[in-house]
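**Q** This is the structure I have questions about; it appears just below.
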Amino acid sequence: MESFHYRDSRLYCEDVSVADLAARFGTPLYVYSEASILGTLESLQSAFVELDPLICYSVKANSNLGILKLMARHGSGFDVVSQGELYRVGLAGGEGSKTVFAGVGKTDEEIAAGLDAGVLMFNVESEAEMEAIARVAASRGRVAPIALRVNPDVDPKTHRYISTGKKQSKFGMDIERALRAGQAAAGMASLEMIGIHMHIGSQITTVEPYAGAVAKGVEVIRRLREMGHPIAWYNMGGGYGIAYKGKEARPVAEFASAIVPGVKAAGCRLAIEPGRVIAGNAGILVGRVVYTKQSGDKRFLIQDAAMNDLIRPALYESFHRIWPVDVPAGLPAPPEDYESEIAGTEPWDVVGPVCESGDFLAKDRSLPPLDRGDLIAVFSAGAYGMVMASNYNTRPRAAEVLVAGGEARLVRRRETYEDLVRQEVGI
Ligand code: LLP
C-alpha cells in the first residue's frame with residue numbers, strides 16, 4: 001500500500017491528494033497508482049529473471065485501457081479470455097506475439113480473431129476446443145500454436161469460487177485426458193503444441209500448491225515431448241495472493257522459488273499470467289458518506305460506493321481495508337492488524353445505496369467517527385473491482401483516475417444516464 005499513504009493525516013496516491021481527486025472527479029471514484037503497477041511488474045521480472053519470463057498481465061483483473069497501455073509500454077504481454085479483451089489489448093498497443101488466449105468457451109469467431117492477432121498461443125481447455133482450433137486454423141491455411149491447459153488436481157487453499165486447479169473444476173484437462181489430447185494433436189497438421197498451461201486458482205497465499213503443480217507439469221511435458229510435440233513454454237498462470245488485511249501475502253520471490261527449478265529443469269521458457277498482484281493494491285475505491293444511521297445497536301455508514309461498484313465483499317465475503325481519507329485528529333493511519341482493538345474507533349456496517357441486504361463493503365468494521373460528506377477509501381480495490389462493476393439499480397459506473405507522481409489523469413469518465421439507456425431500442 002506504499003503508493004497510497006497518509007501525509008499529515010490526509011490520504012495521498014503518490015503525490016496527489018485523494019480528497020482533491022474526489023472534489024475534481026466526484027465519487028464513487030477508482031484511483032490507481034502507476035508507480036505501484038510498475039513496481040510490481042519489476043518485482044515479478046526480477047523474481048523470475050533466471051527464466052527470462054514472459055509476463056502476460058491478466059487483463060480480466062483490470063482492463064482499463066490506461067493500465068493496458070502502461071503495461072504494453074513497459075514490455076508486458078497479456079492474458080486474454082475473450083475477443084473483447086483481445087480488442088482492448090490491440091487498442092492499447094499490446095503485441096499479439098506476447099498475448100496468450102485462454103478461456104473455456106472460445107467460439108470459432110474468437111479463435112479466428114486470435115489467429116488474426118497472431119497470439120503466441122491458445123490455452124486449450126478441452127479436446128472439443130482443440131478440434132475447433134484445428135478446424136478454424138486449417139480453414140484459414142494456418143497452423144495454430146497451442147498450450148494444453150493441464151489441471152494438476154492440487155488444492156490451492158483459497159476461496160472455492162476462485163479455485164481452479166482441482167479435479168472438480170471446469171477448467172483444463174486432468175493429466176490422463178491431457179495426454180490423450182496430446183496423442184490426438186500429434187495427428188493434426190494445423191496445430192503446433194508448443195506449451196502447457198496451468199492456473200490453479202487466485203488469491204493463493206502459500207507456495208506449496210505451485211511446487212506440487214510444477215512437479216506434475218514437468219512429467220506431462222516429458223510425455224508430450226515423447227509424442228513429438230516441441231514443448232517450449234511452461235505457462236504457470238497467475239494466482240499470487242495479495243495482502244488485503246495484513247500479512248497474508250507471500251513475496252513474489254517465494255512463489256518464484258517454488259516454480260523456477262522445475263521449469264528450468266524442463267528446459268522451458270516461463271510465461272506467467274499475474275492479475276491481482278499487479279492491479280490489486282495499485283487501486284482504491286473512494287466513497288463519500290451520504291448518511292449515517294442507527295438501527296438497534298447497529299451503526300450504518302451509508303456511502304455512495306456500492307456493490308455495483310465493488311462486488312467482492314457481497315460475492316466472496318472478501319475483506320477490504322477501509323479508512324477515512326481525512327483522518328480525524330489523534331487517530332492513526334489504517335491499522336495493519338484488525339485482530340486487536342483500535343482506540344478511538346467504533347463498529348460500523350459500511351453499506352451502499354443499492355436495494356439489497358448484500359450491498360455492503362464491510363460489516364462490523366472498526367472506524368473512527370464519520371459523518372455526512374466525509375470520504376472513505378476502500379483499499380486493495382484495483383483488481384476485480386471496476387471490471388466486475390454493473391449498472392444495477394441504474395447506477396452509472398464510477399470514473400477511474402490514473403496517478404503518476406503529481407499528475408492525475410482521468411482514464412474513464414463517469415457514466416451518464418444517457419450512457420445507461422443508449423443500447424435500448426424499440427421503445
Ligand atoms: N490466468 C487464468 C487462466 C485465470 O483464470 C486467472 C484468474 C488469472 C490468470 C489471473 O489470476 P490472478 O493473478 O489475478 O489471481 N473475481 C475474483 C477472481 C477471479 C480470478 C479468475 N481467474 C476475485 O475478485 O477474487
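Quick reminder: no glycine exception, Cβ is built from N, Cα and C everywhere.
Per TrEMBL, the features are:
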- 30-382: domain 'Orn/DAP/Arg decarboxylase 2 C-terminal' (DOMAIN)
- 40-279: domain 'Orn/DAP/Arg decarboxylase 2 N-terminal' (DOMAIN)
- Lys60: N6-(pyridoxal phosphate)lysine (MOD_RES)
- Gly239, Glu273, Pro274, Gly275, Arg276, Tyr384: pyridoxal 5'-phosphate binding site (BINDING)
- Arg276, Arg312, Tyr316, Glu356, Tyr384: substrate binding site (BINDING)
- Cys355: active site, proton donor (ACT_SITE)
**Q** Within 10 Å of Arg312 (substrate binding site) (Cα-Cα), which of the binding-site residues Glu273, Pro274, Gly275, Tyr384?
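**A** For Arg312 (substrate binding site), the binding-site residues whose Cα atoms are within 10 Å come to Tyr384.
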**Q** Work through the binding-site residues one by one (Tyr316, Tyr384) and point out the residue whose CB has the fewest other CB atoms within 10 angstroms.
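**A** Among the binding-site residues Tyr316, Tyr384, the sparsest Cβ neighbourhood within 10 Å belongs to Tyr316.
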**Q** Within 10 Å of Tyr384 (pyridoxal 5'-phosphate binding site) by C-alpha distance: pick out those among the recorded positions Lys60, Tyr316, Cys355, Glu356, and say none if nothing qualifies.
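**A** Lys60, listed in sequence order.
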**Q** Where among the binding-site residues Arg276, Arg312 do you find the Cβ with the fewest other Cβ atoms within 10 Å?
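**A** Minimum Cβ neighbour count within 10 Å, taken over the binding-site residues Arg276, Arg312, occurs at Arg312.
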**Q** Quick test of your reading of the structure: among the recorded positions Glu273, Pro274, Arg312, Cys355, Glu356, whose CB sits under 6 A from ligand 1?
**A** Glu273, Pro274, Arg312
**Q** Based on Cα coordinates, which of the following recorded positions are within 10 Å of the residue listed as 'N6-(pyridoxal phosphate)lysine': Gly275, Arg276, Cys355?
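**A** Of everything listed, what lies within 10 Å of the residue listed as 'N6-(pyridoxal phosphate)lysine' (Cα to Cα) is Gly275, Arg276.
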**Q** Taking the recorded pyridoxal 5'-phosphate site as Gly239, Glu273, Pro274, Gly275, Arg276, Tyr384, identify the other residues of that chain whose CB atom sits within 8 Å of the mean position of the site's CB atoms, giving them in sequence order.
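**A** For the pyridoxal 5'-phosphate site, the extra neighbours are Ser58, Lys60, Ala61, Ser202, Gly238, Tyr240, Val277, Ile278, Ala279, Ala383.
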**Q** Looking only at C-alpha atoms, tell me how far Gly275 (pyridoxal 5'-phosphate binding site) is from the residue listed as 'active site, proton donor', rounded to the nearest Å.
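**A** Answer for this pair: 31 Å between alpha carbons.
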**Q** Just how spread out is the substrate site if you go by the largest Cα to Cα distance in Å among Arg276, Arg312, Tyr316, Glu356, Tyr384?
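**A** Comparing all Cα pairs, the maximum is 27 Å.
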**Q** Based on the record's binding annotation for pyridoxal 5'-phosphate (Gly239, Glu273, Pro274, Gly275, Arg276, Tyr384), what whole-number value in Å is the widest Cα to Cα distance?
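**A** Between the outermost Cα atoms of Gly239, Glu273, Pro274, Gly275, Arg276, Tyr384, the distance is 15 Å.
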**Q** To the nearest whole angstrom, what is the C-alpha distance linking Glu273 (pyridoxal 5'-phosphate binding site) and the residue listed as 'active site, proton donor'?
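**A** The residue listed as 'active site, proton donor' has its Cα 36 Å from the Cα of Glu273 (pyridoxal 5'-phosphate binding site).
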**Q** Do you know offhand how many angstrom separate Pro274 (pyridoxal 5'-phosphate binding site) and Cys355 (active site, proton donor) by C-alpha?
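**A** On Cα coordinates alone, these residues lie 34 Å apart.
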**Q** Roughly how many Å lie between the Cα atoms of Cys355 (active site, proton donor) and Gly239 (pyridoxal 5'-phosphate binding site), rounded to a whole value?
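**A** Spelling it out, the Cα of Cys355 (active site, proton donor) and the Cα of Gly239 (pyridoxal 5'-phosphate binding site) are 33 Å apart.
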**Q** Taking the Cβ of Pro274 (pyridoxal 5'-phosphate binding site) as centre, how many other Cβ atoms lie within 10 Å?
**A** 26
**Q** Whose Cβ, among the binding-site residues Glu273, Glu356, has more other Cβ atoms within 10 Å than any of the rest?
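**A** In terms of Cβ crowding, the pick is Glu273.
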